[in-house]
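Undergrad: So TrEMBL says this about it:
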ACT_SITE  HIS226  active site, tele-hemiaminal-histidine intermediate
BINDING   GLY62, SER63, GLY64, HIS65, LYS113, ASP118  substrate binding site
DOMAIN    11-341  domain 'DhaK'
DOMAIN    381-585  domain 'DhaL'
REGION    339-377  region 'Disordered'
Amino acid sequence: MVYAAKKFINNPNDVVTEFIEGLVETYPGLQYLDGFPEVKVVLRADVSAEKYDKVAVISGGGSGHEPAHAGYVGEGMLTAAICGDVFASPPVDSILAGIRAVTGPQGCLLIVKNYTGDRLNFGLAAEQAKSEGYKVETVIVGEDCALPPPRGIAGRRGLAGTVLVHKVAGAAAAAGLSLEKVAAEAKCASEMVGTMGVALSVCTLPGQVTSDRLGQEKMELGLGIHGEPGAAVVDVQPVDVVVSHVLQQILSPETNYVPITRGNRVVLMVNGLGGTPLMELMIAAGKAVPKLQLEFGLAVDRVYTGLFMTSLDMAGFSISIMKADQSILNRLDAPTKAPNWPVGTDGNRPPAKIPVPIPPSRSAKSAESQARPKELSQQGRVLEAAIHAAATVIISLKDSLNEWDGKVGDGDCGSTMHRGATAILEDMKHYYPLNDAAETVNEIGASISRAMGGTSGIIYNLLCKAAYAELKANTESEVTPKYWSKALKSSIASVSKYGGATAGYRTMLDALIPASQVLEEKLSAGEDPICAFILSAEAATKGAESTIQMQAQAGRSSYVSAEMLATVPDPGAMAAAGWYSAAARAVKEQYQGSS
């Protein structure tokens, strides 16, 4: 029998909120918004948007990387940190809440690690905040040096070097610089740093079984901070050899990842990934400094060693090297009260804290959700059946999706989709105005946004928003099959625009694009709409299954080797084909039953 790894936790679903509660009890200068469990935002206790006269610096991402990002909230560093669930990007509403809570007239800078979910969620939040009148700039950090020049759209991952960018930006903001200048300094810093990670073991997600992917005698080079597979698996090597390899990879003139040449001044960060003793981190730092000096001819001006951006309990470390002129050093040396920057924090323990209320949106309040009609029209009954069938299939696919995703991603695709499907079934009992197709699709997006989180949540929310806009433009009393076809096409275009993927990138679009093309083609040719729907579902399934032959160019799978990808289809595409086909069968059964 296989058991979940032993952890000092309560409910695995509560680890992030309980971590935040412990954090603010520990450090006097931190506070949190009163929005658990949906909103998880840590902010400076001394800052309120109405009175803050400097640029707010905001970052965040999935939890599990502690002390990043909440441990860097404090005067001279971050103004707020937005915490997602473990390894899942924070939802748009949480990011907006953080922006509203700390952003004054000088505006805010969002520092975002280069992961698809973070880019999408923070990007959508930034656009919403701008529409509410806030001044917002964004800097994307992608300093991973483990992989060859990036394929597709994913690019280089954001790793521990992001913490150095936090410090530079926070110091610039504390000095009173304008938003444009703070953003410029942060962007410059992000282009000066390179990082690579190595590990002896894979991390364990709360409540789950530890992966034995590496075994006893292997180590992984160039893996990410979510446990996704690295660039190579090799025999365990002495730390001398490992450090030499990592430094060579970061400073290689062939890849030219960082603009560092002999004679430059640099900063070194040796970062533990969660399960590595400080003794071993110090050994790595002690080997790295003379190598940088003697072999690469660099002046090492600062060394930071410890836990900066972890991966839960992963046994491993990363090395970051940043080119550092005097202005960079001044920013790194500037005082800060962020508790986990390697400088002591001051202040007495305060009395028990009352959570800060979530600030309201500046935009007009949306209308109250429509309730489920007492009587359903024929269209309402068909729509209900299709939604119920689609969600039920996703729930049944949970384990298969997790298994596939465990080989090419972070292993939670099925669990994430299961949360969304369960929320949809529950909300449909009370809130979906099923006789109004457009508003129902909008409510599905709201359910997904609330329950799913991560990249999948934002992508499906984008699908629903685009479909809603298309269906809302319909002036006819009933939504015709051609309008549904247009809505699907608009949804695909929206996801492709904001996510960057298209056909052949090994994503959910490899199921939805062929489905849309067949549906449009058959309807235009005068085919029976039910038959067209079924044929398009078959195209979706074929498209999803074809992903097993594709090299990923988007999402975390783009960092996984072609050999590993060739063993499984893309879980996101299989999920999309599953719910689409279930909906098609349900619609067919409804119309056959009524004929």
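Cβ atoms here come from the backbone N, Cα and C positions, even for glycine.
Can you tell me where each of these features sits in the structure?
TA: Residue density at HIS226 (active site, tele-hemiaminal-histidine intermediate): 24 other Cβ atoms are found within 10 A of its Cβ, drawing on all protein chains shown.
Counting Cβ atoms from all protein chains shown, SER63 (substrate binding site) has 25 others lying within 10 Å of its own Cβ.
Here the domain 'DhaL' (381-585) has a mean pLDDT of 89 out of 100.
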Undergrad: Counting every protein chain present, what is the number of Cβ atoms, excluding its own, within 10 Å of the Cβ of LYS113 (substrate binding site)?
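TA: There are 29 of them.
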Undergrad: Any idea what the Cα distance is from ASP118 (substrate binding site) over to HIS226 (active site, tele-hemiaminal-histidine intermediate), rounded to a whole Å?
TA: 13
Undergrad: Please list, in sequence order, every residue of the chain apart from GLY62, SER63, GLY64, HIS65, LYS113, ASP118 whose Cβ lies within 8 Å of the Cβ centroid of the substrate site.
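TA: Apart from GLY62, SER63, GLY64, HIS65, LYS113, ASP118, the close residues are GLY60, GLY61, ALA68, HIS69, GLY84, PHE87, ALA88, SER89, ILE225, HIS226.
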Undergrad: Name, in the order they occur in the sequence, the residues of the same chain whose CB lies under 8 A from the CB of GLY62 (substrate binding site) and which sit 6 or more residues away.
TA: GLY84, ASP85, VAL86, PHE87, ALA88, SER89, PRO90, GLY117, ASP118, HIS226, GLY454
Undergrad: Any same-chain residues 6+ apart from GLY64 (substrate binding site) with CB under 8 Å of its CB? Would you list them in sequence order, or say none?
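TA: Once residues fewer than 6 apart are set aside, GLY64 (substrate binding site) is near VAL86, PHE87, CYS203, LEU205, HIS226, THR310, SER311, LEU312.
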